[in-house]
Amino acid sequence: MSVEQKYIRNFCIIAHIDHGKSTLADRLLEYTGALSKREMVDQVLDTMDLERERGITIKLQAVRLHYKARDGQEYVLNLIDTPGHVDFTYEVSRSLAACEGALLVVDAAQGIEAQTLANVYLALEHNLEIIPVINKIDLPSAEPERVRREIEDVIGLDASEAILASAKTGVGTEEILEAIIRRVPPPRGDGEAPLQALIFDSIFDSYRGAIPYFRVVQGRVRKGDRIRFMATGAEFEVNEVGVFTPAPRPVESLAAGEVGFLSASIKNVKDTRVGDTITSAERPAPAPLPGYRKVMPMVYCGLFPVESERYDDLRDALEKLQLNDASLTFETETSVALGFGFRCGFLGLLHMEIIQERLEREYGLELITTAPSVVYRVVGTNGSVIMVDNPTALPAPNLIDHIEEPFVEATIMTPKDFVGPVMELCQEKRGSFLNMDYLSEKRVALKYDLPLAEIIYDFFDQLKSRTRGYASLDYSLKGYRPSELVKMDILVNNEVVDALSLITHRDQAYQRGRALVERLRQLIPRQLFDVPIQAAIGSRVIARETIPALRKNVLAKCYGGDVTRKRKLLEKQKEGKKRMKQVGTVDIPQEAFMAVLKAGKS
């Protein structure tokens, strides 16, 4: 039995990290009785341990709540939880496409942050009704009136009806639910039209295969229907249709406006593409739903198993993660130093760290990662254009006319005391200043054009340390621009180690090369012969360190005696070392590859 459309409300919660979004979701679940007190844990919707530990939401969750409103009517509210981090903007846009309204949660002490803004603009693009909620009013440092003014001045929303709440104590929960019913429009859509459903997420279950989460836009879907995925053309028979209350519960059918999941023994993860449209195989919809794009990775790095025989396990693990995470891409890669592995593409650095951690935790893999790199556009002397995401794939310098790198427009919000250090950091990172806005007497928004390569290197860490953790950052891709870029190779014992190569700006090559060789000198164990470590651009060495040889004390047996006797023994040792150097090889320990990532940060 499906619910009448006028009693359905689909909404999501948008907020900056740590403004209390997951806790507010907990209160809504508790208030509507979706979970008993016994089942309640903090941050119910953050199902991964990793999400709880880092205090961030990565995967989307969709929950159906039943709420009896003050008008005596029972409503069905579908809460679609969204991640707030800049790397996951695409996931946010998918959730927003499945809703009609959004709760904008702002911390009463901190005010508006960069990512709040970015997500609000996305919500406005999707024409959502936005309900401002000022959270954490129980804090001694809360200033709800200042935040209310900020919402009006910065975003331009009418905040006179903003709801004051405290997700921790549960104040304002009922007002929020009433506001959703009063202000969010019910879904529109014809239950009898051909089926059109938007996939906004999918998970992989080892028993039931790939399970898409979707919002029905037109028509209805029942158990036993034959469905087709419009992007891939694959067809399946539906075994089960259900909703989350947060635990999965089967239902007869889902009609236009409702949110739920289906299982259809879908073996291949690639069939349930996020953003694809599900339609009926017998009576297909004329066109797929709009607003869907294939998501492009921004950051690439190599992942190699420490034990090369676990290569197949790594591939299986990546395929399973890719199911849950449409934005992860990978292809095989071989490296002279590291053997077989994968070149993986991510949305950003946080996304990269999370995937690595999940591979290590959930699949028990030990990994070596190479330094992250962005996608460069290389224009050849013959006019050809190639995209390079791996420094080893860069053509020879005489074949390159110029190299272009991706630039982003970054918005940095910071307390006004830190404007100086932030501007200094942006200058160091080759940024160009665009403009500066005072949001209130204490807070400033700075806009800069910055190369993406600098942001993925260590920009975020530096920004946090220079502003004592107060600044927040959001960025969007602007396009490509020519830059003075060079490829820097690292040679150990006169042999290039391909996994340590990187593309860097000419002005920073020396500092980066110097930092790297010094770091490697500390990490590579001493051999029985001298080992030179060099950083080189082309054939020109720009920095060098030498690891001195381990030497046996050959003079231990000589007590006194003539100096020529000692000299003879030392010369003989030296000769042996020389021969050894010609045939010796140096094993580079795993820590050395990790060092490349940290070389710029120390």
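Backbone N, Cα and C atoms are what each Cβ position is placed from, and that goes for glycine too.
Going by Swiss-Prot, these are the annotated features:
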DOMAIN    6-188  domain 'tr-type G'
BINDING   D18, H19, G20, K21, S22, T23, N135, K136, I137, D138  GTP binding site
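Fewest other C-beta atoms within 10 angstroms, among the binding-site residues S22, N135, are seen around S22. G20 (GTP binding site) is surrounded by 23 other CB atoms, counting those within 10 A of its CB over all protein chains shown. Note on the domain 'tr-type G' (6-188): its mean pLDDT in the predicted model is 74. Sequence-distant neighbours of I137 (GTP binding site) (same chain, six or more apart, CB under 8 Å from its CB) are A108, P144, L164, A165, S166, V171, G172, listed in sequence order.
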